[in-house]
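What follows is a set of notes on a single structure, which appears directly below.
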């Protein structure tokens, strides 16, 4: 196995040195966290927002990390590189996120209702970790760091166009996190495809590795309502929690049913249970704070289960055979298609929304007061198109860059193998 410690270490230390300089020059506490503010309202606001932020944080490190440990010889790399990417992207995205939206020379870090510096950083982390799932086991740490560095910038471009310019609503990130992360990662995976990826005997799981992966599933399932609701306030946040819980519950029931019925021996597939049960949270994201009604949340979760489970069972093998798309974690089925489904659903709900039904919530959710409901729905679809275009195009370019040998491409024998980078 090749020894790449030198390149990985150099890249990480140089990046951290750059972060130190940029944080020293441009980053400071916001007044709410500064030495001159002892306001009880500020601290009560922190108490209101921090628990949900921490829920999202747990999803990044434990949820995503352990969900990827299903590979029998790549458990260290799955949870370990997930941890590394999380810490790297938190720092990088704090810089990129604030520069993208404020154009200020000073970046302030806080966690209150006015700004979500740390929460927005975790959303950028989620986007990168979704892409990581598509190339899990087939890229080196050096390639991962380079991919994350580029993707955070591209992610912010899509956010700027979709949220700032189009003023689309997507509280839980169906479009801007899940769909973007999935299709960016899939584009990278397609460019990096080698026949040896599909022929490797190391790609499979084992009994105990699947149990570890279920730890990730359960943490993600439990905390997904916080992920979808954390950016919201008041009744919008309340609805997001209720809608997401109901969607996840329905999704899980339907996934169990479909997993068994689509198997020739009527047996459950652990891949479906680990992944498709979460699709309800993805699909609910874009409309979690809208008035979908409880029955609508159940319908969305059920639909996501159908799309995701059938995607794992039939579409993923088909794409691998026909267009040579190797998707290690099946992010297309868990994040890509359910994310698109969620965006389309949000467009329909936005198009029929009216001020009488939403009352005080209407202008909180639909910022442009000059648009008709139909126009709001149209901009939801426009935002989705932009997200997919940016994700696929920039992911393809990133994949071409990562093919350069300077970034430590893995050989066939090194795929899905911890021993390349870890003492085992």
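Using the three backbone atoms N, Cα and C, a Cβ is placed for every residue, glycine included.
Per TrEMBL, the features are:
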TRANSMEM  9-29  transmembrane segment
DOMAIN    20-405  domain 'Ammonium transporter AmtB-like'
TRANSMEM  49-71  transmembrane segment
TRANSMEM  83-103  transmembrane segment
TRANSMEM  152-169  transmembrane segment
TRANSMEM  175-193  transmembrane segment
TRANSMEM  205-224  transmembrane segment
TRANSMEM  240-261  transmembrane segment
TRANSMEM  297-315  transmembrane segment
TRANSMEM  336-358  transmembrane segment
TRANSMEM  378-402  transmembrane segment
For the transmembrane segment (336-358) against the transmembrane segment (175-193), do we get 3 or more Cβ-Cβ pairs below 8 Å once near-sequence pairs (under 6 apart) are dropped?
yes
Chain residues outside the transmembrane segment (378-402) and at least six past its termini with a C-beta under 8 angstroms from it:
131, 139, 143, 146-147, 150-151, 154, 157-158, 161-163, 166-170, 175-176, 179-192, 286, 340, 343-344, 346-347, 350-351, 371, 409
State the non-local partners of the transmembrane segment (49-71) in its own chain: residues 6+ outside its ends, Cβ under 8 Å from one of its Cβ atoms.
78-79, 82-83, 86, 111-113, 116, 118-119, 122-123, 125-126, 129, 132-133, 136-137, 202-205, 209-210, 212-213, 215-217, 219-220, 223-224, 226-227, 229-230, 270-271, 274-275, 328-329, 416
In the same chain, which residue numbers or ranges, 6 or more beyond the ends of the transmembrane segment (240-261), come under 8 angstroms Cβ to Cβ?
171-172, 221, 224-229, 232, 267-269, 272-273, 276-281, 283-284, 287-289, 292, 294, 296-302, 304-306, 308-310, 313
